[in-house]
Amino acid sequence: MPTPRKRQSRSTSADVAADGKFEELDDISQQEKLRIIENSGILGKIPTATTPNPKAARFINAEDLAEEVRTPDDHDGDSDEEEGEGGEGDVDFDAIGNEMPGVVALLYSFPAIMVFMTFEVLVQQQFGSDWTLAELGLKVLKAYPVLLAYIYATYLHRHQVWMKAFQWFVSTAAGCYFIHLNLHSPAIGIMQQCPGLMTIWVYGVFMADNVAMVANLLIVGAAYHWDLWAKYIGR
């Protein structure tokens, strides 16, 4: 009959061997454990929460179990991907304008100066004036700094009520004066003033909200019809 000491030594050896096995199992990564569980087919035999048996309703389905086994790093990666997908394509231009108003004003100045160049060429062609690219470039160089300063000032304070009113008034006045010049002024006056007036008018309409834009166009349209009627009646 073995002595208690031998039994104690045997049980201690078994415990040590079991501890070694557990240590070996702990060395397996979470991803490897998940792969072993999925390949074993055990997950497919686990009853789901829709099982009629109330005792079996405590079991979770295979997807939930797999989700629990995943590491926290995987969850963080998924959340980052979801945030990236949700924010993709959503650009807050207003916030960019608040941080870099000079850059936005510079970008807006490019189409504005193109409008100026377009009307400069149209006016010259309409009145049959001889012009060269050098003359056009010189006029653009003279007008661009003034136009850039105006765009920067109006864009920097675009949310202020007084700036909205000021820009609307300037744009409406420029549109009405452009109509008056076309109907009453000589060719030289139109060629000198109309490209700049049209640029300010178009930019003001572009920056205005819907109500201000409609009011601007209605007033300029009414000024055109009134000025045209007054011109022919005055004859």
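Note: Cβ is positioned from N, Cα and C throughout, glycine not excepted.
Bear in mind that TrEMBL entries carry predicted annotations, made automatically and left uncurated.
Over in TrEMBL, the protein carries these features:
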{"type": "COMPBIAS", "residues": "75-92", "note": "compositional bias 'Acidic residues'"}
{"type": "DOMAIN", "residues": "165-226", "note": "domain 'DUF7719'"}
{"type": "REGION", "residues": "1-23", "note": "region 'Disordered'"}
{"type": "REGION", "residues": "64-92", "note": "region 'Disordered'"}
{"type": "TRANSMEM", "residues": "103-124", "note": "transmembrane segment"}
{"type": "TRANSMEM", "residues": "136-156", "note": "transmembrane segment"}
{"type": "TRANSMEM", "residues": "168-188", "note": "transmembrane segment"}
{"type": "TRANSMEM", "residues": "200-226", "note": "transmembrane segment"}
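With a threshold of 8 Å between CB atoms, the same-chain residues lying at least 6 positions outside the transmembrane segment (168-188) that come near it are 127, 129, 194, 197-198, 200-201, 203-205, 208, 212, 215-216, 219-220, 223-224, 227-228, 231. Taken as a whole, the domain 'DUF7719' (165-226) shows an average pLDDT of 89 in this prediction.
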